[in-house]
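According to TrEMBL, the protein carries these features:
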- A:160-354: domain 'ABC transmembrane type-1' (DOMAIN)
- A:26-49: transmembrane segment (TRANSMEM)
- A:55-76: transmembrane segment (TRANSMEM)
- A:112-134: transmembrane segment (TRANSMEM)
- A:166-187: transmembrane segment (TRANSMEM)
- A:208-230: transmembrane segment (TRANSMEM)
- A:236-255: transmembrane segment (TRANSMEM)
- A:330-348: transmembrane segment (TRANSMEM)
Amino acid sequence: MTLKTPPVARPLGVAQPSPVGTARTLLLAGVLLCLLTVGMTGFAAYLTITVAETGVWKTALGAATLVVVVLALLTARPLISGFRQQVASTTAAEAGDLVSARKFRARAAQSGWTALGSCLPLMFIATFTMFLLANDHAVQTTFFDAQFMAQSVGDVTVAFGENIKIALLAEAFVLVWALVIALARLAPSKAGRPLRWLATAYVDVFRAIPSIIVIYLVGFGLPLAGVPILSEMGPMWSAVLALTLTYGAYVAEVYRAGIEGIHWSQVSAARSLGLSYGKTMRHVIVPQAVRKVTPPLLNDFIGLQKDTALVTIIGTVDAFTQAKMYSSNYFNLSSVTVVAILFIIITIPQTRFVDRLLERDARRQLSKG
Amino acid sequence: MAFLELNDVEKSYATNPVLRGITLHVAKHQVVCLIGASGCGKSTLLRCVNALEDIQGGDIRLDGDVVSGEGIDVNSLRRKVGIVFQSFNLFPHMTVLQNVTLSPIRVLGVPRADAEKQAIALLTRVGLAEKADAYPDQLSGGQQQRVAIVRALAMNPEVLLLDEITSALDPELVAEVLNIVRDLAADGLTILMATHEMSFAREVADTVAYIHEGTVLEQGPPADIFGAPQHERTQAFLKKIIEAGRL
Ligand SMILES: Nc1ncnc2c1ncn2[C@@H]1O[C@H](COP(=O)(O)OP(=O)(O)OP(=O)(O)O)[C@@H](O)[C@H]1O
Ligand SMILES: [Mg+2]
């Protein structure tokens, strides 16, 4: 296709080349930050070796901080190569080779950013180390007393089994209970209206009350009121009941969003095959919804697992209760740090798993276009 | 008396009337094609026959029995009247075999083994037996639509409703789906279908009904409707179709 464009008066001559610019300021900033990082990590390493408690910590922390110092020194490498590129860029610019000049300048800037980026986490580590060692390493001994941690880890881990038991039981009940609530919230037709109201009220109420209050009320209130059966179930089952009530409300909303997210044409298709409303839900809608909501559901479960530490207020001997006993006997919180570490250990794999599921779903969405 | 009768059927969405007195009779073993401009109410009509939508006036009768309005057993109606949609609507979490056997097992109570045997037989007939264990997203559009037809057939319907089943397909996949419909028609299945495939309608239909703004403006044998349309609007519609090269 040929388009006739009227000739436009345009000044003859060379197009103005875009300026090459320089990465020098960036590189200088990099140098300053690099020096600061080396200084801070060096100081942290010095503190560790001179101040830290003797024994395991001294060796471990000493080695670790030395590694950090080495890493800090290594940030000089991208800086050096950055300066080389910058020189090359200047030379090329002087020789009139603007394309190469720009290329080298871009590489110099890239190196500068790399150096800056590596300095930040190292500075963070150095700061944290200094914090631990502050006040004659009081922070370290309070939170990370190795000996005391080793002493308490056995009992705390055994008691952590109670947290896991409560979590697993509550999760199993929540899976079913929340689905019941969600289906009640979506109950069809006029006849379903009272059911919808009831379920909505339940969800509103239990999403409003902090779980610690629910645990307290269930754990102490039911025995106090002498409700038959419910008052004799003991703190462990009280905790399971309380967490099921609270998280049932959250997960019901997750299910509901999932069910409502299934396209109505799926309902049409199922109903047109003669399936009743109930069978349509059971065989067609709910299975698809559950698949969709697995990631948010697992997120709520992670929250539930962490809330098992709240049962300490009703006297269940869980990991936190056990750790507090240790800490009040020895005036040291390192046993509680052990609990924190245990929660981290069980939670991180789950969050990674959720990320993976989300990524997979995103890829599916993409591939479907 | 016709097998499927729509008598003066009226349907509106809120205040918007979509069907304004549709009267249409489908005899047993006949193929009736609904043609008409987009938005004239073809899909709505088919959904009403299957009781996926309520109607506000008139009645629908199947084999003499009223199947519209309050108090009807929709599930037993839907056992007799199958429908296939433009967008396939297969269940994405089930394999082809599970899609096809779901309602025979859950609605008719057919033992699983028998349902699967019948499903495989039907799938073989449409050339998809080897896809029995595939999931819908592993199939082409044409294959998915063939599965959707098989899924409806697995209930042994007495009437099959087809709603523009080839509209969502790439042109080269249309034939494989229409061939199946042609087969079913030859076998004597009663079919009521909305379609934009005019040459197919001309070839297979016993009756063609031109729908305009929710009424049947004109109906008759395809030779009459396509050859000598009486109504001005039908003529205009067919003229456009011919201009678009679709007849
Ligand atoms: N669920 C609904 N709510 C409100 N209006 C609707 C609904 N479904 C359809 N309509 C309206 O009813 C009219 C008829 O729609 P219908 O889908 O039956 O047309 P159609 O003849 O099948 O068209 P097409 O050839 O595009 O499929 C349209 O004007 C549409 O906007
Ligand atoms: Mg339509």
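Keep in mind that glycine also has a Cβ here, set from the backbone N, Cα and C atoms.
The shown structure was predicted, so the numbers you read here are calculated from the model rather than taken from an experiment.
Contact between the transmembrane segment (A:26-49) and the transmembrane segment (A:112-134) is supported by 3 or more Cβ pairs under 8 Å, counting only residues 6 or more apart in sequence.
Note: the stretches the transmembrane segment (A:112-134) and the transmembrane segment (A:166-187) are not in contact (fewer than 3 CB pairs below 8 A, sequence gap of 6 or more).
Beyond its flanks by at least six residues, the transmembrane segment (A:166-187) meets 193, 195-196, 198-200, 202-203, 236, 239-240, 243-244, 247-256, 259-260, 281, 286, 301, 304-305, 308, 311, 316, 318 of its own chain at Cβ-Cβ distances under 8 Å. Residues 238-239, 241-243, 245-247, 307, 310-311, 313-316 of the same chain, all 6+ positions outside the transmembrane segment (A:208-230), place their C-beta atoms under 8 angstroms from a C-beta of that stretch.
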